Amino acid sequence: MIQDILHRYLFDNADVRGELVQLQDSYQQVIGSHAYPPVLQILLGELLAATSLLTATLKFSGDISVQLQGNGPVSLAVINGSNQQQLRGIARWDGELADDASLADLFGQGYMVITLTPDEGERYQGVVALDKPTLAACVEDYFNQSEQLPTALWLFADGKQAAGMFLQVLPSQEDHNADFEHLCQLTATIKAEELFTLEAQEVLHRLYHQEDVRLFDPIEVCFKCTCSRERSAAAIKTIDQAEVEAILAEDGKVEMGCEYCNAKYVFDGIDIAAIYANGTASNTQQ
């Protein structure tokens, strides 16, 4: 079974870098907590793979968010992650979605927002329109606008597994566009089934057996939600106390749910009193 792994590699004779990611468990954890329509399962798989590939390009410790928004039946699809390849995501939609719906069908007049938040330093945000036929092409458009380095992506998902590949010219005084185009032609021959079933080394050998490829140590990718009882308590404290106490009087408890992982945090009267007294709550219920 292919594990959730990202591989980075370099073409020593071309000043081009590459990445390959294969996802299963993390993908299932993202889509398993909601009854997503098939087309949305596939979109989230592609978005998860794209975010993992983007995360591997970060040169800092911090977080990344890749968010799709629009005025169509899908109002939001987002994957959040960290430089440690810890990812989570959700989507919101209304009504039935056709299995063959395009990005335009799903989002209408949509756009993609990529937010980079370093642990230290200023946040960066880039926005591009969802006006290309594929998510991969939209991400390429982001790189063309933000980094102005030739970049190409290939994204695949089938509701069970997700995978992706990434190529980018490294900053250099020399022109390596011809090498990049050649490597893109080789990479474009990849099939989803190969990425879903073959080990990364076998995939790279099949694609680039005549190239000088340097493969780096693999990086584990995982689903990780950042919700907690403490964060839920902090969210409750932002609500007017009278409103919370009204809920408590009617239901006997206040329940907070996480959209990402479906965790439930339950607070009783003693907890609520403690939250408004000093911002803490007991850890006895979840």
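Note: Cβ is positioned from N, Cα and C throughout, glycine not excepted.
A coil conformation is recorded for Cys225 (disulfide bond) in the three-state DSSP classification, outside any helix or strand. On its own chain, Cys225 (disulfide bond) has Arg88, Cys258, Tyr260, Cys261, Ala263 as residues at least 6 apart in sequence with a Cβ closer than 8 Å to its own Cβ. According to Swiss-Prot, the feature disulfide bond maps to Cys225-Cys227 (among others).
Note on Cys261 (disulfide bond): other Cβ atoms within 10 Å of its Cβ, all shown chains, come to 17. Residues or ranges marked as disulfide bond by Swiss-Prot: Cys258-Cys261 (among others).
For Cys258 (disulfide bond), the count of additional Cβ atoms within 10 Å of its Cβ stands at 18 [all protein chains shown]. Cys227 (disulfide bond) has a Cβ environment of 18 other Cβ atoms inside 10 Å.
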